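Beneath this line is the structure, given in C-alpha cells, with notes to follow.
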Amino acid sequence: MSAQSPQVRQPPATPTYILRGHAAAIHALQIFHQNLRLVSGDADGWIVVWDLVSKRPRATWKAHDGTVLEVKGFSFGNGAVTEVFTHGRDHKLRVWRFSLQDEESLQKVLPVDIEKTSSTAASQPWLVHSLPVNALNFCAFSMVFLPPDKANTASDASEAPKENTSLSSVLIAVPNALNSGAIDLFHLPQERRICTIPADTEVQTGMVMAANLVISPSGELYVASAYEDGRVMVHGCRGSLQEKDLTQSTKTPWKWEKLYVCRAHSQPVLSLHVSPAGNYFFSSSADAVLAKHPIPSLGSPGHAPEELPIRSINTKHAGQQGVRIRSDGKIFATAGWDSRVRVYSCKTMKELAVLKWHKDGCYAVAFADVDVFEVREKSDEEKPTVSPNDNGNQENQLAGRAETEFSLATVHRQRYEKVQNTHWLAAGSKDGKISLWDIY
C-alpha cells in the first residue's frame, strides 16, 4: 500500500461565469470602463459589449465582413460615451461610438441567436472613422493616446467638424500595405499616415506578426515589433513626441533607430505585450518559448542595438498566443492552442496556474485593471464623518444612515463595486464562449 502524499492537492480552478453569445471563435477581448464592461470580437466580424454586472450584452453589431483581429473599448465622461476601435480581416480599422442613452436602442440580440437572413445593419453604433489598412499579416493594430496638449494641437489642425471625429487623439500602428515587413503609423482623428518604420534591410524577417506602441515618461515613442522568422525588435524615435509635427503640412521624416533585435523564437511570433511601466515586454510564439525582452532607452546616435533577452523559458507547450500583462505588472497570461490558459509570474516567469475549461483552443485573454481602486478607496476614507455634537441630531442621522445602507441604491452600488474589485481574467475560445476567472 503506497504512502499517502502529505501535500494537500488543491481542487482545480473553475470559471466564475461563462458568457455564451458568439457563434464563431473569439479572437479579441478587452475589459474597460473601470472593469464594468467587456468587449469581444469573433471570427464572423461580430462585436459584443457586455455588462459585467448583469453579464448581459449592452450592444451587439457586425463591425466587419471578416475576422476581428483586435478590439479596444474606452469610456469617456464617466461612462457617458463609449468608443470601440475594431480591426478586421476586411482591411478596415473602424472607430464606433455610442452614448449611454444610445444603449437602450442598440441591438442586443447575440450573434448566436441571429438568423443569417436577418438584417445586420440595424441599431448599430455610430461609425466615426473607417481607415483602409493592411490585414494580410494577421497583425492586430496597436494604439496610444496622445498627450493632451499634443492632441489639442492635432485636433486644431484637422478641418473635420468636431462631431465627426473621435473624442480621443491617438496614434495607431498597423502593417504597411506594400511592404509586409514595415509598420505604418496613422493619426486619428486626422485619418492620415504620419510615418513608416521601414522593414529591416539586413535580414529577411518576413511579415510583421505583432506590434505594440509605447510612450516613455520623457515623451519619446517606442515600437516593439515581432516577425514571421521569430525575431523581435524595438525601434525608438528620437525626440519628444511633443516636438513632432502631426499637421497635414509636415514634410520632416521621423527618424527611427533600432534599439533591440533578438531571434528568440524558432517559429513565427504570435503575440507580444509591453509592461505597464514600458520597460520590458513578453513575446509568445508558435513554438513553446516565452521570452522577456528589454526596451532600451535611446542612447547616443549610432549605438549598436542590444541582442540579449532578459529571460527565456521553454514551456513545452507550443502555440501560446494573446499574451497580456496585468496592470500591476505582477502576472501575465497566455491563451493556448491546447485549450488551456496559463498564468505566469512577470518577475520569475514561473508558471503559476493552468486554467482549463474550454474544449477547443483559446485565442485571446484579457485582465481587469487592478490599480484603479486605490483612488476610490482613498476618497471614501476622506469623506467627512458626522460629529456627535452637530445640533443634537446624532440619533436622527444614524437612523437615516441605517436606512440608506439598506436602500436599493446602496445595494446597486455594492454590486458594482464587487465587480470592479474582482481580479477578472477573461479567456476567449474557438468554441465561441468566454470564461471569466477570479484569480490572484
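Quick reminder: no glycine exception, Cβ is built from N, Cα and C everywhere.
Taken from Swiss-Prot, the feature repeat 'WD 1' applies to 21-60. Residue counts of the repeat 'WD 1' (21-60) by helix, strand and coil are 0 helix, 24 strand, 16 coil (DSSP-based).
With helix defined as DSSP H, G or I and strand as E or B, the repeat 'WD 2' (66-107) counts 3 helix, 25 strand, 14 coil. If you look up Swiss-Prot, you'll see 66-107 marked as repeat 'WD 2'.
Here the repeat 'WD 3' (205-245) is broken down by DSSP into helix, strand and coil counts: 3 helix, 22 strand, 16 coil. Residues or ranges marked as repeat 'WD 3' by Swiss-Prot: 205-245.
Taken from Swiss-Prot, the feature repeat 'WD 4' applies to 264-303. Over the repeat 'WD 4' (264-303), the average per-residue pLDDT in this prediction is 93.
Swiss-Prot lists 315-354 with the feature repeat 'WD 5'. Secondary structure of the repeat 'WD 5' (315-354) per DSSP (helix as H, G, I; strand as E, B; remaining residues coil): 0 helix, 22 strand, 18 coil.
Annotation source Swiss-Prot lists repeat 'WD 6' at 406-440.
The stretch from 66-107, 205-245, 264-303, 315-354 that makes the most Cβ contacts under 8 Å with the repeat 'WD 1' (21-60) is 66-107. With DSSP states grouped into helix (H, G, I), strand (E, B) and coil, the repeat 'WD 6' (406-440) comes out at 13 helix, 12 strand, 10 coil.
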